[in-house]
Amino acid sequence: MGDMTNSDFYSKNQRNESSHGGEFGCTMEELRSLMELRGTEAVVKIKETYGDTEAICRRLKTSPVEGLPGTAPDLEKRKQIFGQNFIPPKKPKTFLQLVWEALQDVTLIILEIAAIISLGLSFYHPPGEGNEGCATAQGGAEDEGEAEAGWIEGAAILLSVICVVLVTAFNDWSKEKQFRGLQSRIEQEQKFTVVRAGQVVQIPVAEIVVGDIAQVKYGDLLPADGLFIQGNDLKIDESSLTGESDQVRKSVDKDPMLLSGTHVMEGSGRMVVTAVGVNSQTGIIFTLLGAGGEEEEKKDKKGKMQDGNVDASQSKAKQQDGAAAMEMQPLKSAEGGDADDKKKANMHKKEKSVLQGKLTKLAVQIGKAGLVMSAITVIILVLYFTVDTFVVNKKPWLPECTPVYVQYFVKFFIIGVTVLVVAVPEGLPLAVTISLAYSVKKMMKDNNLVRHLDACETMGNATAICSDKTGTLTTNRMTVVQAYVGDVHYKEIPDPSSINAKTMELLVNAIAINSAYTTKILPPEKEGALPRQVGNKTECGLLGFVLDLKQDYEPVRSQMPEEKLYKVYTFNSVRKSMSTVIKLPDESFRMYSKGASEIVLKKCCKILSGAGEPRVFRPRDRDEMVKKVIEPMACDGLRTICVAYRDFPSSPEPDWDNENDILNDLTCICVVGIEDPVRPEVPEAIRKCQRAGITVRMVTGDNINTARAIAIKCGIIHPGEDFLCLEGKEFNRRIRNEKGEIEQERIDKIWPKLRVLARSSPTDKHTLVKGIIDSTHTEQRQVVAVTGDGTNDGPALKKADVGFAMGIAGTDVAKEASDIILTDDNFSSIVKAVMWGRNVYDSISKFLQFQLTVNVVAVIVAFTGACITQDSPLKAVQMLWVNLIMDTFASLALATEPPTETLLLRKPYGRNKPLISRTMMKNILGHAVYQLTLIFTLLFVGEKMFQIDSGRNAPLHSPPSEHYTIIFNTFVMMQLFNEVNARKIHGERNVFDGIFRNPIFCAIVLGTFAIQIVIVQFGGKPFSCSPLQLDQWMWCIFIGLGELVWGQVIATIPTSRLKFLKEAGRLTQKEEIPEEELNEDVEEIDHAERELRRGQILWFRGLNRIQTQIEVVNTFKSGASFQGALRRQSSVTSQSQDVANLSSPSRVSLSNALSSPTSLPPAAAGHPRREGVP
């Protein structure tokens, strides 16, 4: 089913529908067109066509009270006729598409070209070979084995390219599959409440059918379209579909239309489902999007080919996505249809990962060097030949000799290409891929699900982490630990007997009735575990308090079931409290209320005394209580909640809609302090971060005292240090100028010392992250990681360099915006991510150090050999064995080193630190000197040392000489031992440290050694080897072992003395994003990243890793300077982002209201969002 495209899906449903329409009183088409109407139009249409909603229920053969019978044949028939509640996901990229993407890598392209030229030339046999009169260059000895084996080189290079491409594509493919698996698991867990056969049941969203009676309550995201049947005080936020930020009140006679993808902000009720899946409002938009996305891609390609300007296709995407963008990202609702702002806000995200930028630059640098070397080689050979032939020997240029001379020049060209091929590190792309893929696999075990490969490596460079408090630093298990009841402040749970019976009864009723009935405390799953908290965590804490007082809330609830509640004022960010009205047996009313203590106490005018009698509670009593009770609780890191009640007479019945009068004159029953304990492993994790040079900041919605207390417990702040703890309001006041605009230099004054931001709104979080990232205050650009769980954290997660979403508590929007998902919601997993990230960086440096030593030596040997003896001592096939096999194996061996705790002892590298440090450069050049000295010694005096025939000027077609075999063998031995040296890049002495923890490394070194023995002893002609004696072998190994000794010598030389050593692969500030890349990315994100929603999470996810690299090559080819492009670029981006992020007050209040549909009173004053919304 998943493979069916949207349009097929559609037409199939259409066909079914026409044939079956008769069985129900209305067809799918009719219902669909009905759902497109809004408000009064809809009411009129229902009246004219059907009569009322009851009549529609009858036509759909369902009962508003009992629901569907729920029999399998009936459900099946409904699915057949009206479709399933499931939107077919976009097809994943096929394996071939992934292969094509992988082929776009710079180094691979250079290799492919070199290989094809080399292959073409090896098959070129010009005529005129037998002509005696033409000059021949001496020493151009090439035995026929070599001539026949000419194609091997080109073929082998192609083979290596194929390896790299397949590995990369396979990685991407398996990753995509994993995410889809994860996604479907998440989807199956998503349930919705419906009534079937008179029973209230929870079923997976995909099982909902037309005609179902669904129960909606605050905090729900509606899974299908329907008509409102009955309910109280239902308000819906439809901004995701309409862009209107005001909440819409639903009622049967005014506006009964409930649309999928919208959020219930208040109240509860029931609806009859009228459209599901692709026929629902969201589904229709998705269908458009699916079709739009494909056209988009075609358009893109054309646009890019013409002039790299992609505005045309963008504007098209925007028309289609205007609606969809709204739908998918409820966050941004107040921006309405401003797709433009969105596009700007999004511009920054696809900055290249630090490592990628450096590698691409390095590859280009090496490529240039290789080109220069090969050009010099060709020129020297050509000059040598022409001078020798036409000047020294005074040969005339005969016409019949032309083909022969051409052949010579072609041969020189091949030697040039060989030098170039040797210079380019073909193992590099593979090493990067293997290293990242290996890390990502292992990180799964450490509870990090990596969604974007490069996030893993960026994390190693992180300099700041902005973390949520609830659920990340704390356990998100709320427990009441202090209480103020009957004039006594209890520092622990009071003894039930010490509380007056009347007070106790009121307290139990107030907590049990005035909370969502879906919130429960269930017995633990395992023996000895803690009881399970289901539903809203704060309410769970209060119910737990009732149980701790040896009371039970179940009987109270069964006596007063949900249907009997007279009126409910649900929690929202304006009220900051929740109240429930019930009718007492004597017809009078009682209202129970609970909420943030500073808000509810202001509305209390009485308080229950120790005897359980209400007494007057004056403002000055209140101030004293705040000082004596509430502030001390907050300073212990507790969140305070006040529980109160009020009685109303039966007649006249109060005007329930006049909230201000109703929610007043309360009587306070008690104030409780709820603790969310710090996770035991967090303080240690934070200490590790600080030691590793990473600043941890806490951004929370709690009040400042609670936040500060928790920050001290976690070790984020230490008493006596110079740091800032600010509230959101104060933070905003300090960073904005008189006009209310955010100024970067004002933020720069604050963020270095800021450690805790309390009572912060999602906008504040985004502002802070953006401010730190854009800051030029420090010499290194800050790399910021952010954790978030709520829908409203989306913008901050997207803006950050690495966004961590919570796997358990996180909402879909948060997961979608993130780069890494923490499957256990635990802060200490972030530390693991840092460790792995640094490990990736180091692994690649290790590999580079090894690879470049091989390359430098091989290039110089090939170059001097060609120029002096006109024949390289290392033959093409041998070169290939060294290059291809050793590189590929070495990349495996060095890229799979497991991380160690020592990685956390150094500061982050930052963006400007070069990939190849001075120490590494010293190692590369030092080892190259050793290897070259020995190889040239062997080349020129080797035959005397070993008393063997010289292989230097061997005649044509002579068998392979022992002399050259010894050189080849020694070369390989030196590489093998140097691979061990390469394990350490910071100049450590003990290169064997922890070598047995990496079995892959040991296996590869031994394996390579074994194969080398086979090649030398039995390789014969194809490998140009002749078997060696035992003593010759001993010498080769002995010279190889010298590498280890030499490594110690090099380690002794202080790097600081070697000022002349250049570093390579440095990224300068301006170079981070080439211009074309920006154009391309805007559009990729604009209609992709944004619109992802529940079922579609993986849709538009290709790996961007490789695409970007080809852009760099284009820039490199056209010779455009990166810098200029960038300077223009960066100024544009920063301005446009500011436009998008200046939020109007309406937007703030909306996104907050949105984020806390299920949250509860305790999100005390001034800040609408409570963390840890389930």
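Any Cβ shown, glycine's included, is placed from N, Cα and C.
The structure displayed is predicted, hence computed values, not measured ones.
What TrEMBL says about this one:
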| type | residues | note |
| --- | --- | --- |
| COMPBIAS | 296-305 | compositional bias 'Basic and acidic residues' |
| DOMAIN | 47-123 | domain 'Cation-transporting P-type ATPase N-terminal' |
| REGION | 1-24 | region 'Disordered' |
| REGION | 296-347 | region 'Disordered' |
| REGION | 1133-1174 | region 'Disordered' |
| TRANSMEM | 98-121 | transmembrane segment |
| TRANSMEM | 151-170 | transmembrane segment |
| TRANSMEM | 371-392 | transmembrane segment |
| TRANSMEM | 412-438 | transmembrane segment |
| TRANSMEM | 924-942 | transmembrane segment |
| TRANSMEM | 1000-1020 | transmembrane segment |
| TRANSMEM | 1032-1053 | transmembrane segment |
Comparing 371-392, 412-438, 924-942, 1000-1020 for Cβ pairs under 8 Å with the transmembrane segment (1032-1053), the winner is 924-942
Helix, strand and coil residue totals from DSSP for the domain 'Cation-transporting P-type ATPase N-terminal' (47-123) stand at 46 helix, 3 strand, 28 coil
With pairs closer than 6 in sequence left out, are the transmembrane segment (371-392) and the transmembrane segment (412-438) joined by 3 or more CB pairs under 8 Å? yes
Mean pLDDT across the domain 'Cation-transporting P-type ATPase N-terminal' (47-123) comes out at 80
